[in-house]
Amino acid sequence: MKASIYDFTLKELSQLLKPSFRAKQLYLWLYAKYKTSFKDMQNNFSKDFIAYLEREFALRTIEITHVRESVDGSKKYLFKSLRDNHTFEAVLLKMKDKKIDAETNAILEREKYTVCVSCQIGCQVGCSFCFTQKGGFVRNLKASEIIQQALLIKEDNNLPLEKALNIVFMGMGEPLNNLDEVCKAIEIFNTGMQISPKRITISTSGVADKIPILAGKNLGVQLAISLHAVDDKTRSSLMPLNKKYNIECVLNEVRKWPLEQRKRVMFEYLLIKDLNDSLDCAKKLLKLLNGIKSKVNLILFNPHEGSKFERPSLENARMFADFLNSKGLLCTIRESKALDIEAACGQLREKKLSQQI
């Protein structure tokens with residue numbers, strides 16, 4: 001199959017296409033006008049150039065096969081690769097964003113959209129609480145397949161170019177195990193879809209030796225660490241990766257992460273009933289993160305088929321959060337969006353096309 005045009009950065013296309021200004025024109029058609037056929041670009045390009053594009057490149061290499069909508073307005077998308085028919089999922093999260101008008105002091109409310117993208121089909125990390133690992137690991141996604149998730153979701157919801165998206169690499173897969181394609185996708189999100197790196201978050205299970213590699217690329221993205229435990233024994237039982245990269249190893253690399261002023265590293269902490277949700281765990285977490293500019297995002301375990309874990313009470317989560325906040329460690333409780341359609345944190349996996357998502 002021909003290379004997808006979405007796999008090329010603006011710089012790469014500028015070097016490939018002659019004259020080079022055609023690359024910017026092509027980017028406009030691809031990312032601002034959502035064109036799905038090269039023939040639809042004839043207003044800008046000659047027939048010969050259109051023929052060249054059709055001969056050398058593919059446009060869409062994935063397609064939406066199913067959409068399921070939550071009562072909260074979030075949507076779970078099942079995508080199919082047109083190359084090998086493997087499937088993967090992504091989620092559109094709709095949230096209310098409040099902002100104070102500088103002139104009137106009025107509170108303005110608007111919708112904020114976040115796309116949770118997958119970077120792999122399946123996952124190699126094997127976290128025991130995560131549904132994705134039950135399908136095993138299939139392959140890495142190409143940058144084009146990551147980009148098209150956001151592009152097709154934006155198109156499906158009729159969102160204009162100027163409507164900013166947040167992108168979180170919190171879907172299927174470990175981003176640092178597909179670092180080259182993830183970094184290329186981030187560059188294209190920025191130059192193509194006009195998504196600022198500040199709106200992009202990479203969440204990692206803690207592949208410690210690749211954190212400095214990501215830092216060295218100076219992408220300006222936000223870093224989130226899936227911590228989920230305060231001692232190595234518990235974390236290793238939840239995340240086998242901890243046997244290779246233990247808590248202290250991960251935290252040592254996080255301490256070196258370049259942070260802009262007023263920015264913090266996010267630590268995601270999955271609360272599981274009677275395992276890691278006690279006040280004693282909160283005290284140990286406070287001690288662990290001492291000296292790191294950080295914030296904690298608590299996630300209540302989202303149940304899925306075959307899981308042995310239970311969801312803690314909201315009261316317990318609030319107790320945990322209140323303690324950390326009272327000690328000066330910023331802590332929030334993540335609202336479980338799309339729980340009714342199994343699109344919340346840890347609930348995505350590859351589906352057979354015959355399966356209902």
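Using N, Cα and C of the backbone, Cβ positions are placed for all residues, glycine too.
In three-state terms derived from DSSP, Glu89 (active site, proton acceptor) belongs to an extended strand segment. Just so you know, the Cβ of Glu89 (active site, proton acceptor) picks up 26 other Cβ atoms within 10 Å once every protein chain is counted. Residues or ranges marked as active site, proton acceptor in Swiss-Prot (evidence: sequence analysis): Glu89.
In the predicted model, residues of the domain 'Radical SAM core' (109-340) average a pLDDT of 94. Feature annotation from Swiss-Prot assigns domain 'Radical SAM core' to 109-340; the stated evidence is sequence analysis.
Within the same chain, residues at least 6 positions away in sequence whose Cβ sits under 8 Å from that of Cys116 (disulfide bond) are Ala90, Val91, Leu92, Leu93, Val168, Met170, Gly171. Annotated disulfide bond per Swiss-Prot: Cys116-Cys345, in sequence order, evidence recorded as sequence analysis.
The 10 Å shell around the Cβ of Cys127 ([4Fe-4S] cluster binding site) contains 20 further Cβ atoms across the protein chains shown. Sequence annotations record features per position, and here Swiss-Prot assigns [4Fe-4S] cluster binding site to Cys123, Cys127, Cys130 based on sequence analysis.
The Cβ of Ser226 (S-adenosyl-L-methionine binding site) has Cys127, Ser203, Thr204, Ser205, Gly206, Met239, Glu268, Leu270 as same-chain neighbours under 8 Å, each 6 or more residues away in sequence. In the three-state DSSP scheme, Ser226 (S-adenosyl-L-methionine binding site) falls into the strand class. As annotated by Swiss-Prot, S-adenosyl-L-methionine binding site applies to Gly173, Glu174, Ser203, Ser226, Leu227, His228, Asn302.
The active site, S-methylcysteine intermediate annotation in Swiss-Prot covers Cys345.
Here the CA atom of Cys123 ([4Fe-4S] cluster binding site) lies 6 Å from the CA atom of Glu174 (S-adenosyl-L-methionine binding site). Every protein chain shown contributes to the tally, and the Cβ of Glu174 (S-adenosyl-L-methionine binding site) ends up with 26 other Cβ atoms within 10 Å. Spread of the S-adenosyl-L-methionine binding residues is 19 Å (greatest Cα-Cα distance among Gly173, Glu174, Ser203, Ser226, Leu227, His228, Asn302). Cα of Cys130 ([4Fe-4S] cluster binding site) to Cα of Asn302 (S-adenosyl-L-methionine binding site): a distance of 9 Å.
For the pair His228 (S-adenosyl-L-methionine binding site) and Cys123 ([4Fe-4S] cluster binding site), the Cα-Cα distance reads 18 Å.
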